[in-house]
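Structure record follows, encoded as structure tokens.
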Amino acid sequence: MSSHWASCFCLFQSGKHAKCAFPFGTLSQFICIGQHVFVTKTRSPGCYAEGFKDQGNAFYVKKDYSEAFNYYTKAIDACPKNASYYGNRAATLMMLCRFREALVDSQRAVRLDDCFMKGHLREGKCHLSLGNAMAASRCFQKVLELEPSNSQAQQEHKNATAVLEYERMAELDFEKRDFRKVVYSMDKALGLASTCHRFKILKAECLALLGRYLEAQSVASDILRMDSTNGDALYVRGLCLYYEDCIDKAVQFFVQALRMAPDHEKSRLACRNAKALKAKKEEGNKVFKNSNFEAAYRLYSEALAIDPNNIKTNAKLYCNRGTVGAKLNKPDQAIEDCTSAIKLDDTYIKAYLRRAQCYMDIEQYEEAVRDYEKVYQTEKTKEHKHLLKTAQLELKKSKRKDYYKVLGVGKNATEDEIKKAYRKRALMHHPDRHSAATPEVQKEEEKKFKEMGEAFTVLSDPKKKTRYDCGHDLEEDSNNMGAPFASPVWSSNGGFVPIGNVVASDVW
């Protein structure tokens with residue numbers, strides 16, 4: 001008796017149940033009752049596998065995909081050469097959105113049975129969901145070779161073709177820097193390839209380039225929750241921080257991305273730009289504080305050339321350069337730089353304030369009032385209210401006759417300077433000097449002479465001058481009081497005489 005049969009016989013002798021494998025591979029059960037031995041066959045592994053599959057199917061119908069997955073796995077363990085078991089488990093994994101695992105099972109299924117149509121179809125769907133539209137298209141084509149009228153394969157093949165077209169359009173639009181169109185194409189592609197990280201990353205990058213940082217960070221964070229080592233997602237997080245002028249934090253993300261993917265060229269370039277931008281900006285700030293305005297202007301200009309896409313940082317650089325322009329007494333240039341800053345960031349209060357001050361300096365009060373109104377609407381502080389009121393007052397004053405301009409003196413002119421200017425201009429515009437001129441010239445000179453008299457009357461009187469400087473309408477005041485402006489000039493004996501009595505010899 002062989003050792004195999006001997007061991008079985010010993011079990012029989014002991015009155016116990018026993019199972020053993022016969023040489024032809026079936027499982028048999030021996031039952032010993034007294035002197036009698038009964039031999040019964042047990043179920044084969046294939047039978048067990050079918051049972052597990054049936055249970056898996058029942059759970060699948062109930063949409064309990066986790067339990068279905070467990071039973072399909074048991075079926076595969078019992079019979080690992082059955083293509084349909086892998087196909088069923090792939091279908092379950094797809095319902096659980098575990099497409100990469102589903103793809104592996106689908107590929108195993110079609111390797112076991114190349115004519116397994118459902119296996120090819122599921123493989124194609126997994127490829128498509130993961131964004132590999134070219135591979136998906138080949139799978140659907142294989143299904144159509146097996147069954148040309150398969151409507152599901154026909155539709156999925158169209159979907160794969162559409163995804164390839166969206167990819168092509170996105171690539172072209174990215175080169176054109178038309179990031180809105182790229183986002184549109186990626187949204188369409190993700191509607192058909194919902195789990196493609198590559199499409200999500202491209203969309204997030206373009207959202208960041210469009211200044212939609214919260215949306216971009218949300219997409220990147222979702223990916224990092226599933227895969228904390230994803231270099232592309234780390235890059236996008238860093239990019240958002242970089243564009244929000246959080247340069248130190250941005251560099252940390254770029255470095256981490258390079259640690260995960262040493263060949264990540266975008267992270268390398270962004271990291272280099274971030275460090276260069278920070279260094280150049282800080283250098284410009286330093287020389288500005290030392291009143292080296294020419295050097296500050298040059299450094300801010302060099303910083304602006306580093307990365308045109310960094311909107312927030314560049315807005316600050318333009319505003320800084322505008323401040324330098326104002327210090328260099330170049331108001332038009334300063335206004336232009338502040339306007340550039342506002343175009344990049346229309347919420348940038350400092351740029352509005354700087355531009356408004358420049359408008360005040362060159363007496364463009366309407367523009368100054370407009371900017372101060374924008375500031376006050378955004379931040380209702382006492383300081384901003386005072387600036388707005390001052391600009392409104394200057395605007396009101398600018399709409400009256402400017403007596404300082406009439407006499408050709410500055411607003412800080414002394415009493416003596418006002419007298420000298422008046423004497424000089426009275427001599428230039430006195431009607432007697434233009435008696436031989438045409439009637440039109442005589443009329444114009446007479447008008448100027450009268451305005452000059454009005455100006456001198458106001459600016460030579462301390463009380464009237466104070467009221468005029470405070471923005472009061474003196475013509476309205478005089479009309480209410482019934483006393484018109486006098487138009488005095490200096491006589492040869494040092495007093496005033498009315499315009500009608502003045503002759504050329506009386507003007508000094």
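Numbering starts at 1 and runs along the chain as it is shown here.
Note: Cβ is positioned from N, Cα and C throughout, glycine not excepted.
According to TrEMBL, the features are:
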DOMAIN    402-472  domain 'J'
REPEAT    49-82  repeat 'TPR'
REPEAT    117-150  repeat 'TPR'
REPEAT    231-264  repeat 'TPR'
REPEAT    277-310  repeat 'TPR'
REPEAT    349-382  repeat 'TPR'
Other than its close neighbours in sequence, what residues sit by the repeat 'TPR' (117-150), given a CB gap under 8 Å and a spacing of at least six beyond its ends?
83, 86-87, 90-91, 94, 99-100, 102-103, 106-107, 109-110, 156-157, 159-161, 163-164, 167, 189, 192-199
When the repeat 'TPR' (117-150) is classified with DSSP, how many of its residues are helical, how many are strand and how many are coil?
27 helix, 0 strand, 7 coil
Can you tell me how the residues of the repeat 'TPR' (49-82) break down into helix, strand and coil by DSSP?
27 helix, 0 strand, 7 coil
If you average per-residue pLDDT over the repeat 'TPR' (231-264), what number do you get?
94
